[in-house]
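**Student:** What follows is a single structure, and I will ask about it in a moment.
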Amino acid sequence: MHRWISIPFCTVFTIALLGNGTLLYVIKTEPSLHKPMFYFLSMLSTIDLVLSMTTMPKILSIFWFNAQEISFSGCLMQMFFLHSFSIMESAVLLAMAFDRYIAICIPLRYTTILTNAMIVKIGLAALSRAVLLMFPLPFLLRRLPYCRSHIIAHCYCEHMAVVKLACANSRFNNIYGIIVALFIVGFDLMFIGLSYVKILRAVLNLASKEERIKAFGTCISHICAILVFYTPVVLSSIIHRFGHHVASHIHILMANFYLLFPPMMNPIVYGVKTKQIRDRMLILFQKWCRSVVPNAELVGTMLSTRPSAIDYCHKKLSS
């Protein structure tokens, strides 16, 4: 069944690579998108690409070539990158909530607060927090003895899955993992929620209905990205620690879902909901169509005239 299972995995991986790569290209090549909101979006796309590349090649090699082995050092490295960039993604989503708060609640100070220097500082702070929190994990796992099975019940090296293989007391690792998860999810979600409470209050004070809809419209993409990222993370964490009677395939499915789904959905959500990106992508698609089909405009004109186009083609073929 591995080859059949690999089809949706490979499809999602391809969509994630193409979607995030296209999003980065559009933001880089379009000067009108060189704004704080899109800088944060490019950070999100870069993180999603790294998360996909960290896990998916190994997963597909398991499905396609039955390459089920990974070295202990390679496992720890994969785990470090996986969890570090997941923490960074949470920080970027928090930064994007801060961006929407300033844009809606104090728009006159937007350009003075979110300068390029401030965006760089936010990015470095997100990176530093992730590295500092995840740096002890490989050392904590390396000190444990592993005299039981060496088979990880997952498609990749996840912290709790590796801890369960240890045959010594791993309470400290469990406590550290819970503290980090609660700190990241609790801290970031609390401030994201606080930002949106203030945004909601500001939006409801707007005079016209059109202004309210427009203000809400700028936040829809970010709210979707938050739900796509945090819902699987929270469910997977709860199942890992408290779902002792949950079937193992549910654990594996949820763990894969929270890794695969956000990188695929983020470019789709932002590409569809953000007008500037949508317009730019349509222009790029039209240029590509013209390069592939030089007479695309002529064909489009002919097809738009319907019966006359058919008659025109018939006469040409007859002659």
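Placed from the backbone N, Cα and C atoms, the Cβ positions cover glycine too.
Because TrEMBL annotations are produced automatically, they should be read as predictions rather than curated entries.
Owing to the predicted nature of the structure, the values given are computational and were not obtained by experimental measurement.
From TrEMBL, for reference:
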DOMAIN    19-270  domain 'G-protein coupled receptors family 1 profile'
TRANSMEM  6-26  transmembrane segment
TRANSMEM  38-65  transmembrane segment
TRANSMEM  77-98  transmembrane segment
TRANSMEM  110-135  transmembrane segment
TRANSMEM  175-194  transmembrane segment
TRANSMEM  215-238  transmembrane segment
TRANSMEM  250-272  transmembrane segment
**Student:** So which of 6-26, 215-238, 250-272 is most in touch with the transmembrane segment (38-65), counting Cβ pairs under 8 Å?
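**Tutor:** Out of the listed stretches, 6-26 contacts the transmembrane segment (38-65) most.
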**Student:** Between 0 and 100, where does the mean pLDDT of the domain 'G-protein coupled receptors family 1 profile' (19-270) sit?
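**Tutor:** That region's mean pLDDT is 88.
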